[in-house]
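Below: the structure, in structure tokens.
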Amino acid sequence: MENKAMYLHTVSDCDTSSICEDSFDGRSLSKLNLCEDGPCHKRRASICCTQLGSLSALKHAVLGLYLLVFLILVGIFILAVSRPRSSPDDLKALTRNVNRLNESFRDLQLRLLQAPLQADLTEQVWKVQDALQNQSDSLLALAGAVQRLEGALWGLQAQAVQTEQAVALLRDRTGQQSDTAQLELYQLQVESNSSQLLLRRHAGLLDGLARRVGILGEELADVGGVLRGLNHSLSYDVALHRTRLQDLRVLVSNASEDTRRLRLAHVGMELQLKQELAMLNAVTEDLRLKDWEHSIALRNISLAKGPPGPKGDQGDEGKEGRPGIPGLPGLRGLPGERGTPGLPGPKGDDGKLGATGPMGMRGFKGDRGPKGEKGEKGDRAGDASGVEAPMMIRLVNGSGPHEGRVEVYHDRRWGTVCDDGWDKKDGDVVCRMLGFRGVEEVYRTARFGQGTGRIWMDDVACKGTEETIFRCSFSKWGVTNCGHAEDASVTCNRH
């Protein structure tokens, strides 16, 4: 190292701009060249500061510098930990600079501690100055790295804020889309259930219409047979009447011709009768005169009966009369009554139950319905064998106790029965529970009105031999995919 003349100043000789009062930073490290550039050099160039160059003061200055750098590093680490993670390259560069700075301070401390008390102070000061100059460069590089790291941290923080905002916006949009999708799914489920109900109702109506059309077809076939018979008989009667009318027309024409001839004969006979009457009148007058004369002559003559005269000759045979008019044929008799229908054939075997369809998606929980009216007071408890059926099942909204909507009692509440798989076997069990002989008809689709409250039973499948409907096969209590538009009903046989 180049030897330089070094003049030390005393503490009292230094003014306000000396190293004694200036703040210590990386740019003022050159002030350790104490007697070279200071203002005391102008005043007293030949006097040195013997007290400032002491080794203890130098150690205290180095320790203060070390403590200051340590505090700066602690603040940098706290800032780095409290902010988002920076890039790996910047962190590696910062770590290398900190390690190098620590090693430099450690070497400096070891040198100061191991330096002899009587060594060349000037040589040691120059070494310390070079070390501090190197540390100043390292601190400047470290400050630049820290500034770059701080800029990167601020950029990362801004990006993190933007990312959080984008994530929050995406979360809100996702939540809105999820709510919208759930609402649309619920609406689709409601529409699907309504469509299924309508399809079942229309299927029932179509079945009834098909049965009515079949009955109407049979009635039309019967009417067609009757009409064909009437048409045949009427055609025969019309032909017969046409023939009779033709005969009557011929007879009328013949009768009119005979009438004309009779009229002519009558006119001639009338003239002849007039002439004969005139002649008869004249003869009668002559006979009257002669009779008067004879009567006078015969008064004096006694009358005596003479012998019979001879038999006269046989008269001529009269002309043969005309044949009479043929009589009209009698009317055709009415067709006989329709025969009685034959005995009905034996009832066919019931078909096999179809396979159970897949269970649909469970719908959303509906709103709680209004509180129902207070039910009627039940009968007093008694023998279980005689009270179980009336207390556990009833028929509602019918014209009498023999018909209505089927309701069962469970969990201290009345509920309805779904009509899925509802048939006469199930109705027989219900009617026997109520004391009737059997079922007359079973109904679906809420024939006697829709119920309220829970639907306790669904997919009921009785064999027809059970004592109660609760021994039949059905889904669990309250487990159903039906609505009250599918409540089951029965009409029991009262006879």
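Cβ coordinates are placed from backbone N, Cα and C, and glycine is handled just like the others.
Within the set Cys49, Cys482, Cys492, Swiss-Prot assigns Cys482 as the partner of Cys418, by disulphide bond.
Among Cys462, Cys492, the one Swiss-Prot lists as the disulfide partner of Cys472 is Cys462. In Swiss-Prot, the feature N-linked glycosylation site is assigned, of Asn231, Asn300, to Asn231; the remaining candidates carry no such note in the record. Distance from the CA of Asn193 (N-linked glycosylation site) to the CA of Cys492 (disulfide bond) is 31 Å. Looking only at the recorded positions Asn193, Asn231, Cys462, the one with its C-alpha closest to Asn254 (N-linked glycosylation site) is Asn231. Per DSSP, the secondary structure of the domain 'SRCR' (393-493) breaks down as 16 helix, 35 strand, 50 coil. Neighbour counts were taken as the number of other C-beta atoms within 10 angstroms of each residue's C-beta; across the disulfide-bonded residues Cys418, Cys482, the minimum falls on Cys482. In the structure as shown, the Cβ atom of Asn254 (N-linked glycosylation site) sits within 10 Å of 12 other Cβ atoms.
Cα distances from Cys472 (disulfide bond) to the recorded positions Asn231, Cys418, Cys482 are smallest for Cys418. Cys462 (disulfide bond) sits 19 Å from Cys482 (disulfide bond), taking the CA atoms of both as reference points.
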